[in-house]
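Engineer: Mind having a look at this structure? Questions to follow.
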């Protein structure tokens, strides 16, 4: 089970890192989602891998699983869910206003003459 | 246990929510409530400073759960100072946003502003590592909204970059917290410090990994080279007042490094000097790249952004010493660089409103050239660290604090040479924008001057969303905007005049920070119901 979990975390992270390094915003959104899945699994494992045990101390229970990582994962899920939505909205906005979905800044962001000709073009 | 400790989090949260729910379409009400709320936050922050001045670490237990099981807020001199600095900056910049009309350019400016303040103040006050993550997310989400305020293709694209970079950073933060929790079994900073201190050396490999990962996260927030790539296009494309408020956001990263690496991982204990060995070279490169950027850029917004990177470099040189003297210099420089950096962004925005864009090129003389030029002059002197303003004193403190460091030659050489480069960059920008237009015989391009708001003409207080260019004709009150910048400059002058008392205060703050036992006692032992 350790092998299964750690290889799953590793593969999700690798896929996530590859995707967030892409130039198109859709791939980047997918990449951040992958990364957040990897993190959620990783946070689970920080409370040690325990199967079939209650998350709290109770009468007669001899073993328990750490409830805190589960609370952390819940928080992380909520936050990453909201963040994904925000990213999608921002990427859509950039696509609709800028005309393409590339993540890198165009040269017109750094060079005045390009900016001017672009403005002329748009006008 | 004083309930006022939670006020800097609750107050902006309530005001932000009220603005969204009740005054969505009424800009006048929004302005009144939001500015009153920030002023109230400032009053609370001043009271917190009075509380913290006793030298005791105050602890607020949320839900009255005993530490380390519940979340605690900690108030010490440093966090009180940072909250006060945030509130002061926010109030001045908010007046600017009102005066310049920026808050009309999109929806929910004031609500996002309050949520931003909530996140920043929470990050400064919390004593729990995971809670720090949550407040980082709060301030980031609000900052995404503020950053793209007003819209426009460039700004949105820069916003996507900013959000992607920070999502990766947040992921790293969670990894670091997971590692630290797996090793120490706690997320309370003081409890973590207690457990790290007694950990046998042979078990600390994973702990050191966690400590370095955490430093990377804070280095992203502080924009240390090589993790600074998000900053220039984000700050240069953000609306002026938002970029000015962001001047305190890099300081959140610096604050978190100061907090964690004095309390949880003090120098020369379990993690040895691994953090210092990484931080100092990064700080030197940050300073060099920031100052070279000032010289090399062709855009005023980027000039201010690179100045912000450079100031973080100077700051981190002082922090990386991890001595009381170095921390004293860092605290003084935090105050200075926040005020000066914000003032620079606002002045750049004033220039943009009068010239139509921010490119560094010859143009006609703009209205209000003399006043803005004078303010730019003062700010530039403060930013590059020339006498007589506080930048000089701050840089002197940093140089003095590193006098006995083994790498003193590298530090002094970088600081002094890069200052020269920054001076050149500022001089070039200032003369091109303010002086050379007078020598211009013909106008390079036909260009009608921006319509000045005539006296008596009322600018409607209604929202005009999705205008990404700010021009002077839309300004509700250019005079108020200038006064707000003047207030920041007055802060720089006051910081220079009262450098003695401020340095003494910074020294007391640094001594408190370098005595982790105080925090451990306050959080873990000093409360009823704890061990």
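Cβ atoms are placed via backbone N, Cα and C, with glycine included.
Unlike curated records, TrEMBL annotations are generated automatically.
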Engineer: Can you check which of B:133-153, B:238-258, B:448-468 TrEMBL lists as transmembrane segment?
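Structural biologist: Spelled out, TrEMBL records transmembrane segment over residues B:238-258, not the other listed ranges.
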Engineer: To which of the residue ranges B:329-348, B:349-368 does TrEMBL assign the term transmembrane segment?
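Structural biologist: Feature transmembrane segment in TrEMBL: residues B:329-348.
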Engineer: Excluding the flanking five residues on each side, which residues at least 6 beyond the ends of the transmembrane segment (B:238-258) place their CB within less than 8 Å of a CB in that stretch?
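Structural biologist: Sequence-distant neighbours of the transmembrane segment (B:238-258): 78, 82, 85-86, 89-90, 93-94, 96-97, 100, 102-103, 105, 113, 116, 120, 123-124, 132, 136, 139, 143, 146-147, 149-150, 155, 158, 215, 218-224, 231, 279, 301, 304-305, 308, 312, 315-316, 319, 327, 330, 334, 337-338, 341-343, 345-346, 348-350, 352, 470, 513.
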Engineer: Considering only the recorded stretches B:32-52, B:205-231, B:278-296, B:303-323, state which has the highest number of Cβ pairs under 8 Å to the transmembrane segment (B:409-427).
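Structural biologist: Going through each listed stretch, the top one turns out to be B:278-296.
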Engineer: Please identify the stretch among B:32-52, B:162-185, B:369-389, B:479-499 with the greatest number of Cβ pairs below 8 Å relative to the transmembrane segment (B:78-97).
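Structural biologist: The stretch with the most contacts is B:32-52.
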Engineer: Top stretch among B:32-52, B:162-185, B:205-231, B:303-323, B:479-499 for CB pairs under 8 A with the transmembrane segment (B:369-389)?
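Structural biologist: Result: B:479-499.
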Engineer: For the transmembrane segment (B:303-323), name the stretch out of B:162-185, B:205-231, B:278-296 with the most CB-CB pairs under 8 Å.
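Structural biologist: Out of the listed stretches, B:278-296 contacts the transmembrane segment (B:303-323) most.
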